[in-house]
Each structure stands twice: as C-alpha cells, then as structure tokens.
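Taking it in order: structure first as structure tokens, then the write-up.
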Amino acid sequence: MNLREKYNIPNDSIITIAGTVGVGKSTMTTALAKALNFKTSFEKVDNNPYLEKFYDDFERWSFHLQIYFLAERFKEQKKIFEYGGGFIQDRSIYEDTGIFAKMHYEKGTMTKDDYETYRNLFDAMVMTPYFPHPDLLIYLEGSLDDILKRIQIRGRDMEKTTPVSYWEEMHQRYEDWINSFNSCPILRIDIADYDLIKEEQSIEPIISKMSHSIQQSRRWKTKQSF
Ligand SMILES: Nc1ncnc2c1ncn2[C@@H]1O[C@H](COP(=O)(O)OP(=O)(O)O)[C@@H](O)[C@H]1O
Ligand SMILES: Nc1ncnc2c1ncn2[C@H]1C[C@H](O)[C@@H](COP(=O)(O)O)O1
C-alpha cells in the first residue's frame, strides 16, 4: 500500500505549499509529489525574463514581474483544473498579492496605479472556474536566521546580494499574513521539525497530519453543500 492510500489522501486533492523565499517549498513539493504519486506545479524561476532585472531595480520591474508571475500561475492553475487535481503546487497564488505585490506597493516600489491594475486583473482571474481553493495550504515556517542560511546555500546571486532587511520585512509580513489567512484550510509546519534532505522518511508524519486536515476540510465542504 502506498502512502496516499495508507493515509487516505483523495487522489484529486490540490495541495499548495506556502512560505517565504528559501524556506523549503520546492524541496517539500518534490518530496510530497514523490510520496503521494502526485503531479507538481513549480513556479517559473529559471528562464524568467524579469526576475534578475527586478532584483536589480525593484521600481522599474515590479509591475512587469507581477504580471509575468500572474500569467504563469494562471496557466498552471488551468492545467491543474483540466487534470482534475492530484497536484502539489509550489507557492500559492494568494502570496503574489498578499505578500509580494502588497509589499512593493506599500514600500513605494510599485505605483498606486500599477498596483490597482494588477489587483483588478488578479481579482478577475480568481473569479474564473480555474481557481478552486486548494484542499490544503501547507505553510512552512522557520526562524529568519535559518532561512537566510538556506538562501545563501541555494546560491542564487540575485537573492544573496539582496539586503537582509528585504528578507526580514518579508518574514514579518508572512507571519502577519498567515495569522489572518482564511481562504482554505492550513497546516503549519516548522522547518526545525523535519529534514527531508537527511531523512527521506520524515515525509510520513507530515502526510499523516495532512490527511487529518484534508478529511476535516472535505467533511466541512460536504456539510456546506447540503
Ligand atoms: N529540510 C531541509 N533541511 C535542510 N535544507 C533544506 C531543507 N529543505 C530545503 N533545504 C535547502 O534550502 C534551500 C532552499 O530550499 P527550496 O526548497 O529551494 O526553498 P523555496 O522553494 O521555499 O525557495 C535549498 O538549498 C534546499 O536544498
Ligand atoms: N509574486 C512575486 N513577486 C516578486 N518576486 C517573486 C514573486 N513570486 C516569487 N518571487 C521570487 C522570489 C524568489 O526570488 C523567486 C522564487 O521564489 P521561491 O520562494 O524561491 O520559490 O521568485
């Protein structure tokens, strides 16, 4: 019996992994997809035409980058919808607007007009049938120090040379954001409690917790539909 069957995870589930840059979302996405035999949806970092330019000059490129990510996520969302679920998604669409676009607008590196245009487009896209809420959002959290170390180890130059104050601001915003997030069920996981790199089996207790949250959320959805 595989882990998906053992823990009764519905094979049409949509599970999204959220958390700040470098916390371990891609690593978790890969490990969960392998363990559950699910498909993956990754965000577009390699061959992203705006990302490096953005880190060089936030003001000039923040709007372009948000539009690019939104278009990419919309294509991914459509794919997930057309397959009928069974996906682990690296980063939720909620973070684009709730963290990144908002932060750049509030810090003055995105204009009010650009922010409003982006928000209007985002709202229009989210209202389409391609955006079912995920069954579960797994939120990865950890200390700023551990996350900064991971950013350094991963070694993307554009991130390594970005001032620590940027990551600090983002870390705080993530904490505030998750504390008021209510668009779908959440499972919070502390990165100090597992190590998927050294111990592949540490995925199993995470799947067990996921199972509990997904069963609860499905029961709640069924009740609402009566
Ligand atoms: N459980 C872990 N223990 C130690 N290092 C980790 C763990 N998970 C991820 N990493 C490392 O941290 C860095 C960032 O991980 P990644 O999955 O790319 O983060 P994200 O997708 O959230 O930006 C990578 O170098 C990765 O190998
Ligand atoms: N919506 C976004 N705005 C700005 N930057 C973003 C957005 N989504 C992702 N990013 C950046 C942050 C990182 O440098 C890379 C990839 O993110 P990661 O958390 O490492 O998967 O893209």
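Placed from the backbone N, Cα and C atoms, the Cβ positions cover glycine too.
Because TrEMBL annotations are produced automatically, they should be read as predictions rather than curated entries.
The annotation domain 'Deoxynucleoside kinase' is assigned in TrEMBL to 15-213.
Residues or ranges marked as ATP binding site by TrEMBL: G19, T20, V21, G22, V23, G24, K25, S26, T27, R150, I151, Q152, I153, R154. The secondary structure of I151 (ATP binding site), as reduced to three states from DSSP, is helical.
Residues or ranges marked as substrate binding site by TrEMBL: E43, Y55, Q66, R91, D96, E159. Taking the Cβ of D96 (substrate binding site) as reference, residues of its chain lying under 8 Å away and at least six apart in sequence are, in sequence order, Q66, F69, L70, R73, F122. In the three-state DSSP classification, D96 (substrate binding site) falls within a helix.
A 10 Å cutoff on Cβ-Cβ distances gives D90 (active site, proton acceptor) a total of 20 other Cβ atoms nearby, all chains included. As annotated by TrEMBL, active site, proton acceptor applies to D90.
With a cut-off of under 6 Å between the Cβ and any atom of ligand 1, the binding-site residues V21, Y55, Q66, D96, E159 reduce to V21. Candidate binding-site residues: V21, T27, D96, E159. Those with a Cβ under 6 Å from ligand 2, in sequence order, are V21, D96, E159.
For the pair Y55 (substrate binding site) and K25 (ATP binding site), the C-alpha distance works out to 20 angstrom.
Between the CA atoms of E159 (substrate binding site) and V21 (ATP binding site) there is a gap of 9 Å, rounded to the nearest whole number.
Under the DSSP three-state reduction, T27 (ATP binding site) is assigned to helix.
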